[in-house]
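Trainee: First the structure, which I've put down as structure tokens, then a few questions once you've had a look.
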Amino acid sequence: MNDVSKASLPKAIFLMGPTASGKTALAIELRKVLPVELISVDSALIYRGMDIGTAKPNADELKAAPHRLLDIRDPSQAYSAADFRRDALAQMAEITAAGRIPLLVGGTMLYFKALLEGLSPLPSADPEVRSRIEQQAAELGWEALHQQLQEIDPVAAARIHPNDPQRLSRALEVFFISGKTLTELTQTSGDALPYQVHQFAIAPASRELLHQRIELRFHQMLASGFEAEVRALFARGDLHTDLPSIRCVGYRQMWSYIEGEISYDEMVYRGVCATRQLAKRQMTWLRGWEGVRWLDSENPDRARKEVLQVVGAIAD
């Protein structure tokens, strides 16, 4: 698409960043001064009843700046990148038709990628192949299967942790079904996003600062009743750690504590570590992201002004 035809497309803003970087606070500030409507891009915020551990915007924040695509699934339900793309496109069209600009804010980079580039033609799940993979895992362990993926698709293996059975089995399943690697297939894009997108990423200047923010926020969540929130989910009886909702960072570790598998101190330690690992993965995505403007989360006023400098002209 040439620059002229691209300029005629409706406008959209991406505000991306690692967990605990101040994305939500900045988005709320921007809504006060720009004709934007917010769309959440977060695979944890979609779940109802999961508010504290996901750092979901509170009632006052949502009153000041409503977020779309929050609380749209029960924790027992699945939600894919394809589901997100469909829902986000519908919301973006509605916002644009009302003469406003969609501002998509969050840290689920796979969702941003699916929205921006379209979805690659991955094969559907095959229960027989998946069962064979799980049987292998039971016999050899997931570490051995990760080594197998390393030989088949080193790029995917570098991105997928050996302790992430869902993503690991999916990467192997894709190869066994199609004969092509996950990396190869994901380089084949679907329909590109029909918007002119201004992309921003917000993060602290150093990893140490981000780690401090993560640890502080995890302790704030605990003080705000995170344990009680997870106990309520646990008491339902229909949720388990194979579900994407309960595998969310923090929830999985608290679940292990409630089940008596680990101590409280170990839960806190693992929860903070898992959140740091999530932030590291998010930063890896962002460093390789094309066309992104970086903002310093330690200077929110300056970050806001930088966005306004770029976006102010398109909002007039």
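Here the Cβ of each residue, glycine as well, is placed from N, Cα and C on the backbone.
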Trainee: Pick from 21-25, 96-100, 166-170: which range does Swiss-Prot record as region 'Interaction with substrate tRNA'?
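Mentor: Spelled out, Swiss-Prot records region 'Interaction with substrate tRNA' over residues 166-170, not the other listed ranges.
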Trainee: Swiss-Prot lists region 'Interaction with substrate tRNA' for one of the ranges 42-45, 70-73, 86-89, 214-217; which is that range?
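Mentor: Result: 42-45 is the stretch Swiss-Prot calls region 'Interaction with substrate tRNA'.
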Trainee: Fill in the CA-CA distance, Gly22 (ATP binding site) to Arg130 (site 'Interaction with substrate tRNA'), as an integer in Å.
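Mentor: Gly22 (ATP binding site) to Arg130 (site 'Interaction with substrate tRNA'), Cα-Cα distance: 39 Å.
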Trainee: Can you tell me how far the Cα of Thr24 (ATP binding site) sits from the Cα of Arg130 (site 'Interaction with substrate tRNA'), in Å?
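Mentor: Rounded to the nearest whole number, the Cα-Cα distance is 38 Å.
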Trainee: Got a sec? Which of these recorded positions, Thr19, Ser21, Thr24, Thr108, has the most Cβ atoms within 10 Å?
Mentor: Ser21
Trainee: Grab the pLDDT values for the region 'Interaction with substrate tRNA' (166-170) and give me their mean, rounded.
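Mentor: Across the region 'Interaction with substrate tRNA' (166-170), the average pLDDT comes out at 93.
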Trainee: For Arg130 (site 'Interaction with substrate tRNA'), write down the residues of its own chain that are at least 6 apart in sequence and whose Cβ falls under 8 Å from its Cβ; none is a fine answer.
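Mentor: Residues satisfying the criterion: Ser169, Glu173.
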Trainee: Given Ala20 (ATP binding site) and Thr108 (site 'Interaction with substrate tRNA'), what distance in Å do their CA atoms have, once rounded to a whole number?
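Mentor: Distance (Cα to Cα, whole Å): 13 Å.
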Trainee: Please compare the binding-site residues Gly17, Pro18, Gly22 by how many other CB atoms fall within 10 Å of each one's CB, and tell me which has the fewest.
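Mentor: Result for the binding-site residues Gly17, Pro18, Gly22: minimum number of other Cβ atoms within 10 Å at Gly22.
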